[in-house]
């Protein structure tokens with residue numbers, strides 16, 4: 001299975017909602033195919049401790065494991081990849097240091113899409129499709145913006161930003177390779193059930 005096939009149901013952690021290890025295990029049981037560790041206000045030691053646990057779980061469930069921003073942590077916990085924003089370490093530099101990592105890059109517009117592609121990103125995280133409480137500085141791209149980038153980009157696209165069970169169909173109709181979800185899964189009262197339901201919706205569009 002190519003890595004692109006595992007981008008379809010991409011869950012990002014947020015300990016404001018739930019414990020990373022608990023929420024990830026439930027999400028994986030429910031069908032999540034990629035996990036990203038995002039711990040913005042934690043120490044490096046904490047990130048490594050949690051990352052080691054998530055690495056074990058993702059291997060057990062045959063899912064991809066990404067670390068947000070932190071190349072050092074991604075390498076220490078033996079992650080499959082890293083996801084970076086436009087203000088983080090350049091994709092080209094990461095490829096020099098860690099050529100085996102899958103590199104995802106955030107793109108909020110065409111210019112950032114072109115930069116990520118030219119630097120050698122493996123996939124794009126495109127959004128915010130809808131307004132979101134989990135990333136308050138995110139710029140809203142909207143469905144039309146997502147469609148435009150999807151048509152022009154040669155890379156697999158993971159849509160992100162405010163995606164939930166009621167709007168995911170509109171996102172999937174844009175022809176993306178996957179959807180990244182935060183609060184709709186890790187903030188759910190029943191994470192397992194929420195993940196199972198989301199997985200069923202995604203499978204209607206991405207086999």
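One-based numbering along the chain as shown.
Keep in mind that glycine also has a Cβ here, set from the backbone N, Cα and C atoms.
Remember, it's a predicted structure, so these values are computed and weren't measured experimentally.
Mapped onto three states, the DSSP output places residue 40 (4-amino-2-methyl-5-(diphosphooxymethyl)pyrimidine binding site) in coil. If you look up Swiss-Prot, you'll see 36, 37, 38, 39, 40, 68, 106, 135 marked as 4-amino-2-methyl-5-(diphosphooxymethyl)pyrimidine binding site.
Feature annotation from Swiss-Prot assigns Mg(2+) binding site to 69, 88; the stated evidence is sequence analysis. Neighbour list (residue 69 (Mg(2+) binding site), Cβ cut-off 8 Å, at least 6 residues apart, same chain): 38, 82, 83, 84, 85, 88.
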CB within-chain contacts under 8 A for residue 37 (4-amino-2-methyl-5-(diphosphooxymethyl)pyrimidine binding site), separation at least 6: 13, 20, 47, 50, 51, 54, 65, 66, 67, 68, 73, 79
Residue 106 (4-amino-2-methyl-5-(diphosphooxymethyl)pyrimidine binding site), number of other Cβ atoms within 10 Å: 24
Lowest local Cβ density (other Cβ within 10 Å) among binding-site residues: 36, 68: 68
